[in-house]
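Visitor: Pasting the relevant annotations from Swiss-Prot:
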COILED    76-258  coiled coil
COMPBIAS  262-280  compositional bias 'Acidic residues'
DOMAIN    10-97  domain 'RH1'
DOMAIN    294-359  domain 'RH2'
MOD_RES   Ser7  phosphoserine
MOD_RES   Cys47  S-nitrosocysteine
MOD_RES   Ser259  phosphoserine
REGION    255-280  region 'Disordered'
REGION    330-354  region 'Disordered'
Amino acid sequence: MEEPLGSPPAALSALEKNVAELTVMDVYDIASLVGHEFERVIDQHGCEAIARLMPKVVRVLEILEVLVSRHHVAPELDELRLELDRLRVERMDRIEKERKHQKELELVEDVWRGEAQDLLSQIAQLQEENKQLMTNLNHKDVGFSEEELQKHEGMSERERQVMKRLKEVVDKQRDEIRAKDRELVLKNEDVEALQQQQTRLMKINHDLRHRVTVVEAQGKALIEQKVELEADLQTKEQEMGSLRAELGKLRERLQGEHSQNGEEEEAEIPPQPDGEESISDAEKAALDLKDPNRPRFTLQELRDVLHERNELKSKVFLLQEELAYYKSEEIEEENRIPQPPPITHPRTSPQPESGIKRLFSFFSRDKRRLANTQRPTHIHESFGQWAITHRDDGYTEQGQEALQHL
C-alpha cells in the first residue's frame, strides 16, 4: 500500500515510540497521519464511509493529547509540592525545638532564682547573727580570755569563708546566665535566618511555577502555529495542482480552437511564436502563485506577523503575572502576618479549541476546495483575462486567511 502524499515520516516514528515517551508533538504527528488516511479513504469511497467514525477518532486523539500534556506537567508539580511539605516540616521542627529551649531556659532561671533567694536569706541570717554578736560584745564588761578571742576569730574566719564561697557561687551562676542569654540570642538569629531562607525558597518556587506556566503557553502557541502553517502549505500545494490541471485543459482547448479556425485565425491572431510567448507569459503569471515571496501578503510576512503576535502575547502574560505578584507582595507587607502563603491551585481555564480539531477542519476544507475545483467550468473570456482574474482571487483568498489568523 502506498504511503499518502505529504505524510511526515515523524508520524511513523511516533507510532513506534514507547507510550511513556510520547509528547504533544508526537500526538499531532499521529493525528496528521490519521488525517491523511481519512483523506485517501474519502478519495476512494466518499465522505459517507467515515462520517460517523471521524468524530470518535478526533475525540480519542484529543483525550490522548490531554493525557500526554498532564503526564509531562505532573512530575514537576509533585516535586514542588514535596519541597514545600519538607520546608513546612522543617519549620515546625524548628518551632518545637525553640519551645523546648525556652522551657529549659525558664527552668534554669527558676532554679537560679531559688538558689539566689536561699543565698540571700543565708546572708541576711548571718548578718543578723553578726549584729547580735556585735551588740553582745559591746554590752559585756568582762574581758575576754585568750581562748575566747581565738574562738571568736575562728568564727569570723569561718563566716568569711562562707561568704566567699557564696560569692563564688553567685558569680558562677551569673556567668552561666549570661552564657545562656548569649546562646538564646544566637538561637534567635539562627531562627530568623532560617525564616528568611524559607521566604526566599517560597519566592523561588513561585517564580518557577510562573516560568513553567509561561513555557507551557509558548509551547502550545508554537504547536498550534506549526499545525496551521502545515495545513496552509498543504492547501497551497493542492491549489497549485488544481491550477496546473486547469492550465493543461485550457492549453488543449486553445489548441483545438486554433486547429478548427484555420486560416481565418491565422490572419487575425499574431504568428505562432508570439502566441507561444503570450501563453508562456500567462503561464508565468499563473505559476507566479508558487512563489512564497510574491507581492502583497507573502507567507514569510504571515509567519513574521504570527511570530510577533505570539511574542506580544507572551510579554503581556509575563507583565500580568508580575503585576499580580507585586500586588500580592504589597498585600502581604500591609498585613504583616508571618505565615507561609497557602498553596494556590490554578483554576482550570476553559479548554481551548484542540489542535486535533483544527487539523481535521483543515483537511475537510481542502476536500471541499478540491471538489469545487474539479467541477467543469465554462470559459467565455480569453486566457490572459482568466489568469489575471485567478491571480487576484488567490491574493484575495490569501489576505482573508491572513486576517483570520490575525
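Glycine is treated like the rest: Cβ placed from N, Cα and C.
A description of the local structural setting of each listed feature is requested, covering burial, neighbours and distances.
Guide: Note on the domain 'RH2' (294-359): its mean pLDDT in the predicted model is 67.
According to DSSP, Cys47 (S-nitrosocysteine) sits within a helical segment.
Note on Ser259 (phosphoserine): other Cβ atoms within 10 Å of its Cβ, all shown chains, come to 9.
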Visitor: Work out, from DSSP, the number of helix, strand and coil residues along the domain 'RH1' (10-97).
Guide: 81 helix, 0 strand, 7 coil
Visitor: For the C-alpha pair, I'd like the distance in angstrom between Cys47 (S-nitrosocysteine) and Ser259 (phosphoserine), rounded off.
Guide: 42
